[in-house]
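Summarising the annotation, TrEMBL assigns DNA-binding region to 17-56. The annotation NAD(+) binding site is assigned in TrEMBL to 91, 92, 93, 94, 95, 96. Annotation comment: TrEMBL describes 80-181 as domain 'CoA-binding'.
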Ligand code: NAI
């Protein structure tokens, strides 16, 4: 599928939600659904759903709605889930180990191949079957192993440094958990994940409740 250029970030951020709900519908053997019904499930309006999906093609049929399996397939393609991605975690502390221990990122196409850390006590250990290697060997590893995504789980003061190492070796995706705004070239994509921001949103919503 051709990648569309001018799709807004807000639409892109909603795609994983469509994907998740459609998967759930398939699990429940639902074959087709109208944009109104889908909207009610997800909490979007029917017109929002139609507008979002129209960015990528003409998926629904007047009077029929969406074919769930087909739409799921198309959204998977739009998200790039037809490809496999390889990743390395940088930082094998609490968070790095928790991510390595989660075994279902492969459903999103990500295979975590290795973890790198600077602490000699951790080097050589395994989290599931993923080995923790010395950060000093990262550049060589990246020369020898094609790697798409670097997962940043080091303290903030070291986050830019390890990101630079990844970028220099050609890694094009950074999944950043460190609370810092990383600086990268335009062709490198960064997605930040900050649980505390999500928590602050919750706290705000609960305020004066
Ligand atoms: P931690 O202290 O348990 O682990 C950090 C690990 O990074 C240690 O094993 C340390 O040896 C390693 N490390 C430090 N400098 C390194 C370097 N230059 N190269 C390779 N390894 C290096 O810390 P924790 O709790 O796992 O947090 C890690 C990062 O994730 C922090 O930046 C923290 O703020 C962030 N974090 C973010 C969350 C989020 O929601 N985005 C939630 C929890 C933590």
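Just so you know, glycine gets a Cβ as well, placed from its N, Cα and C.
Residue counts for the domain 'CoA-binding' (80-181) under DSSP, helix first, then strand, then coil, are 35 helix, 29 strand, 38 coil. Sequence-distant contacts of the DNA-binding region (17-56) (same chain, six or more residues past either end, CB-CB distance under 8 Å): 1, 4, 7, 11, 64-69, 71-72, 74-76, 78-79, 81. Looking only at the binding-site residues 92, 95, the densest Cβ neighbourhood within 10 Å occurs at 92. Taking the mean position of the Cβ atoms of 91, 92, 93, 94, 95, 96 as the NAD(+) site, the remaining residues of that chain whose Cβ falls within 8 Å of it are 89, 97, 98, 99, 117, 153, 154. In this structure, 93 is the one among the binding-site residues 91, 93, 96 with the smallest number of other Cβ atoms inside 10 Å of its Cβ.
Within 10 Å of the C-beta of residue 94 (NAD(+) binding site) we count 9 further C-beta atoms, all protein chains included.
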